[in-house]
Every structure is written in C-alpha cells, then in structure tokens.
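Worksheet: one structure, shown below.
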Amino acid sequence: MIAVPYKILDPRLGGEIPLPTYATSGSAALDIRAVFAEESIVLAADECRLIGSGLAFHIADPNYCGIVLPRSGLGYKHGIVLGNLVGLIDSDYQGELKIPLWNRSQTPYTVTLGERIAQLLFLPIAQAQLFPVESFDQKQSTRGSGGFGHTGRF
C-alpha cells in the first residue's frame, strides 16, 4: 500500500460530499465524485466538460502514478465516459484532479453534485532507459512487427 497525501480544495468534501472511498474491500480503485458550484449540470449529447473533484493529490513517489478510469455503469448504461478515455496523474502533479466527462450518447445526462463519476487507481511504474540500436540482437519473435489484429479474431 502507498500513502498518498491529498488536499481538500472544497470545504463540502468530507461533509455534504463524501471523500473518495473504495466501494468494497476488493475494489481496486477509489471512487471520485463530481464537485461543482451548482446542484447539477447537464451534459448535452456528445458534449465533453471538465468536472472538478475538489481534491489535489501529491503521489510524490516517482515509482507510482495515478490512473483515472471511467465507471463501467456510467459508460454502459448512459454513455458517459472520459473525454481522454483514460487519465494519467504523474507523481509530481499537485493540482486539482479534474475529470473530462464526455456524453457519447444522444441523450442529455444530468450529473449531480457528489455523484461518483470516475475511479482513481494507483499503480507502480518503471521508467525506461531508452537506447538506440540498428537492429534487435535477439532472433525474430513469433510476433515480429505484426500488429493491429494480425493474429485474427478467433
């Protein structure tokens, strides 16, 4: 487990609006809630809007990052996903966590203050040390340079 400090940027968090929590003991990610001045906002069909979380995290440890993911129920039932599909929080970022919500459906969707809109997952990472080569010394792999579905559907 990694200890991650956070700042509360909106005084309603921890009272009127719950702080991030793991929904169950087996949950991999914390639920992040919508924080804005209004009681609700409407995302029109195909609209993308940046929604605040009212929180800032400082992961600090360069061996970790945060990944922001959509909530599966919002995407499946309502067409609400992340505008950038997945978000990355670098360990040295200290600003407010904002969620780009995109309504990819043809129906307006009302986002309510305090609604769970995304998930925040902390993952270990490894920074690579890249070095140029003319060719790869290892023998050709089974995959080689094939990509984009080259192994077929079945």
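Using the three backbone atoms N, Cα and C, a Cβ is placed for every residue, glycine included.
According to Swiss-Prot, the substrate binding site annotation covers R71, S72, G73, N84, L88, I89, D90, K98, on the basis of sequence analysis.
Shown on the structure are the features that Swiss-Prot records.
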{"residue": "R71", "record": "substrate binding site", "contacts (Cβ under 8 Å, 6+ apart)": "D31, I80, R116, I117, A118, Q119"}
{"residue": "S72", "record": "substrate binding site", "contacts (Cβ under 8 Å, 6+ apart)": "none"}
{"residue": "G73", "record": "substrate binding site", "contacts (Cβ under 8 Å, 6+ apart)": "none"}
{"residue": "N84", "record": "substrate binding site", "contacts (Cβ under 8 Å, 6+ apart)": "P100"}
{"residue": "L88", "record": "substrate binding site", "contacts (Cβ under 8 Å, 6+ apart)": "C65, G66, I67, V68"}
{"residue": "I89", "record": "substrate binding site", "contacts (Cβ under 8 Å, 6+ apart)": "F57, I59, C65, G66, I67, V68, L97, L120"}
{"residue": "D90", "record": "substrate binding site", "contacts (Cβ under 8 Å, 6+ apart)": "I59, C65"}
{"residue": "K98", "record": "substrate binding site", "contacts (Cβ under 8 Å, 6+ apart)": "L50, I51, G52, S53"}
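According to its DSSP assignment, N84 (substrate binding site) is coil.
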